[in-house]
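Peer 1: Pulled these from Swiss-Prot:
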type	residues	note
REGION	1-265	region 'Amidoligase domain'
BINDING	S13, D146, I147, E148, K186, T187, K188, P189, T190, Q191, K222	CTP binding site
BINDING	S13, K186, T187, K188, P189, T190, Q191, K222	UTP binding site
BINDING	S14, L15, G16, K17, G18, I19, D71	ATP binding site
BINDING	D71, E139	Mg(2+) binding site
DOMAIN	290-541	domain 'Glutamine amidotransferase type-1'
BINDING	G351, L379, G380, M381, Q382, E402, R469	L-glutamine binding site
ACT_SITE	C378	active site, nucleophile
ACT_SITE	H514	active site
ACT_SITE	E516	active site
Amino acid sequence: MTRYIFVTGGVVSSLGKGIASASLAAILEARGLKVTMLKLDPYINVDPGTMSPFQHGEVFVTHDGAETDLDLGHYERFIRTTMSKSNNFTTGRVYEDVLRKERRGDYLGATIQVIPHITDEIKRRIIKGAGDADVALVEIGGTVGDIESQPFLEAIRQLRVEVGAKRAMLMHLTLVPYIATAGETKTKPTQHSVKELRSIGLQPDVLVCRSDHPIDVSSRRKIALFTNVEERAVISLEDVDTIYKIPGVLHAQGLDDFVVERFGLECGGADLSEWDRVVDAKLNPEKEVTIAMVGKYMELLDAYKSLIEAMSHAGIQNRTKVNLRYIDSEDIENQGTGLLEGVDAILVPGGFGLRGVEGKIKTVQYARENKIPYLGICLGMQVAVIEYARNVVGWTDANSTEFDMASQHPVVGLITEWQDAAGSVEQRSENSDLGGTMRLGAQDCQLQAGSKVHDCYGKDVIVERHRHRYEVNNNLLPQLTEAGLKVTGRSGDGALVEVVEAPDHPWFVACQFHPEFTSTPRDGHPLFSGFVNAALAQKAKKV
């Protein structure tokens with residue numbers, strides 16, 4: 001039977017519940033247990049798909065096409081379990097399902113209330129998402145005390161009672177601030193946070209105390225005394241220079257032993273040698289490159305969380321320190337491509353909307369004409385096609401219909417019909433809702449032998465995840481290929497352009513899919529590794 005570890009946060013937000021949860025999951029997985037993770041988001045949006053990147057950060061896309069919280073990206077990077085639609089849900093999704101059932105008459109005329117109807121739906125989704133895992137870690141978004149999270153906290157209170165103490169435990173993350181003028185850490189915020197939890201019937205079993213300074217034994221003993229938590233279950237988690245150290249930090253304090261003993265699980269010891277290798281390669285690079293990342297959402301780098309991590313993973317795989325130079329594409333528009341001088345490669349990620357697009361197009365032109373390694377992702381591929389159409393083919397008004405409906409040369413247009421991974425035909429129009437209407441999730445892609453992208457993957461057919469509603473216009477493709485543009489990747493049915501490469505260029509690859517969603521610190525990703533290798537080769541030319 002599945003055991004549940006519910007994870008909450010207190011005092012302040014952004015303590016790193018997702019990282020701490022994923023790190024514990026990684027240790028339990030290293031002990032031979034089958035582990036999964038869930039993220040419960042208290043906001044009323046049905047999913048984060050239409051939320052601003054400046055507010056929410058990245059939308060992580062699962063293999064089965066769910067638009068989810070960025071924490072699911074952390075989960076997949078730390079454990080081998082692939083996340084799905086069942087691993088993330090919101091208040092909006094819960095209410096939507098309950099109201100749909102009410103309209104069908106499923107509740108037989110009952111008055112619909114938060115308790116029991118909303119809490120029952122939350123519990124049902126938790127149990128479904130956990131599946132047949134040995135241990136399911138369930139992270140509750142937000143901070144204890146927020147009004148939005150109350151139904152979720154009540155649901156896990158009920159579920160703990162229903163499954164019993166031997167199958168459920170609560171891990172609470174808190175902040176233990178260091179007061180420089182006093183020269184000591186303060187435990188009072190943690191005490192009050194636990195008091196808030198206990199007032200709603202939740203007693204934490206584990207406290208993970210975040211701080212920028214070590215928390216000494218006396219402070220941990222004091223926290224244990226005032227919170228009714230075992231002293232060995234008060235874990236000190238101070239800031240580290242790489243998040244991939246955290247599994248080792250938690251293991252060294254015996255957190256996994258405490259969990260295994262509490263649940264009565266029979267399993268081996270934790271083999272964290274893979275994580276030791278990751279940390280060693282991350283902290284002891286032998287080479288160094290500088291790569292410009294030109295995007296639209298540079299004010300909040302969480303909008304590119306998986307991509308930034310994927311570049312770090314590529315550095316780990318190549319024993320290379322990857323310095324990312326973050327450049328806003330609007331700055332390229334206003335200040336010119338001089339901002340790109342001196343870099344070893346250029347990366348243009350995805351995005352939506354007209355703002356900053358011309359800066360991205362200028363960036364592509366600079367990379368293509370100066371023979372600088374280029375990787376374009378999603379919109380980064382679309383602007384590569386637009387740039388080629390304008391400056392090589394000669395269609396000066398070439399554009400995407402997303403940005404200019406009146407263009408006489410719409411080389412990128414709305415996908416009106418495509419076949420999903422299950423073989424079903426999906427159809428969209430300009431009048432379709434924005435939410436949940438994109439080409440989403442894992443799709444097959446056929447690669448052309450002898451191409452740069454084929455050299456990276458070393459296979460003819462790959463599977464990558466998508467999140468887009470615009471594609472290369474096949475009606476204008478013949479003129480583009482006649483002018484030299486190489487189409488080196490197509491969708492499984494051959495209908496859609498997935499990868500393009502520029503001719504007479506050392507390394508210019510642009511893909512419609514999002515390879516960053518499947519990159520992990522232990523395995524890296526072949527496309528990003530190839531990109532970093534190209535950057536190293538470019539740097540060697542300068543010497």
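The backbone N, Cα and C atoms fix where each Cβ goes, and this holds for glycine too.
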Peer 1: Using C-alpha atoms only, work out the spacing between G380 (L-glutamine binding site) and K222 (CTP binding site) and round it to an integer in Å.
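Peer 2: Just about 53 Å between their Cα atoms.
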Peer 1: Nearest by CA distance to T187 (UTP binding site): which of the recorded positions is it, out of S14, L15, G18, H514, E516?
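Peer 2: Smallest Cα separation from T187 (UTP binding site) among S14, L15, G18, H514, E516: L15.
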Peer 1: Just to verify: the residue among K17, K186, K222, R469, H514 with the fewest other Cβ atoms within 10 Å, which of the recorded positions is it?
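Peer 2: Lowest Cβ count within 10 Å among the recorded positions (K17, K186, K222, R469, H514) is K186.
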Peer 1: Please give the ATP site's span as the largest CA-CA distance among S14, L15, G16, K17, G18, I19, D71, to the nearest whole angstrom.
Peer 2: 13
Peer 1: For Q382 (L-glutamine binding site), list the number of other Cβ atoms lying within 10 Å of its Cβ atom.
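Peer 2: Around the Cβ of Q382 (L-glutamine binding site), 30 other Cβ atoms lie within 10 Å.
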Peer 1: With the CTP site defined by the record as S13, D146, I147, E148, K186, T187, K188, P189, T190, Q191, K222, how many Å span the farthest pair of C-alpha atoms?
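Peer 2: The two farthest binding residues have Cα atoms 31 Å apart.
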Peer 1: Between S14 (ATP binding site) and E139 (Mg(2+) binding site), what C-alpha distance do you get in Å?
Peer 2: 13
Peer 1: Out of G16, K17, I19, K188, P189, give those binding-site residues positioned within 10 angstroms of H514 (active site), comparing C-alpha atoms, in sequence order.
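Peer 2: If one measures from the Cα of H514 (active site), no binding-site residues come within 10 Å, so the answer is none.
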Peer 1: Give me the non-local Cβ neighbours of G18 (ATP binding site): same chain, 6+ apart in sequence, Cβ-Cβ under 8 Å, ordered along the sequence.
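Peer 2: In sequence order, the residues whose Cβ lies under 8 Å from that of G18 (ATP binding site) (at least 6 apart) are K39, L70, D71, H74, Y75, E139.
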Peer 1: Taking only same-chain residues 6+ apart in sequence, whose CB is under 8 Å from that of M381 (L-glutamine binding site), what do you get?
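Peer 2: In sequence order, the residues whose Cβ lies under 8 Å from that of M381 (L-glutamine binding site) (at least 6 apart) are V472, V499, V500, A510, C511, Q512.
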Peer 1: Of L15, I147, Q191, K222, G351, which binding-site residues come within 10 Å of the residue listed as 'active site, nucleophile', going by C-alpha to C-alpha distance?
Peer 2: G351
Peer 1: Going by C-alpha positions, which of the recorded positions (K17, K186, K188, Q191, E516) is nearest Q382 (L-glutamine binding site)?
Peer 2: E516
Peer 1: Might you list, by sequence position, any residue in that chain lying six or more from G16 (ATP binding site) with a Cβ less than 8 Å away from its Cβ?
Peer 2: L173, R210, L237
Peer 1: I'd like to confirm something. Which of the binding-site residues, I19, K188, T190, has a Cα closest to the Cα of R469 (L-glutamine binding site)?
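Peer 2: Result for R469 (L-glutamine binding site): the nearest of the binding-site residues is I19.
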Peer 1: Where does E139 (Mg(2+) binding site) sit in DSSP terms: helix, strand, or coil?
Peer 2: strand
Peer 1: Give me the sequence-ordered set of same-chain residues, not including S14, L15, G16, K17, G18, I19, D71, with a C-beta within 8 angstroms of the centroid of the ATP site's C-beta atoms.
Peer 2: G9, A20, S21, H74, E139, L173
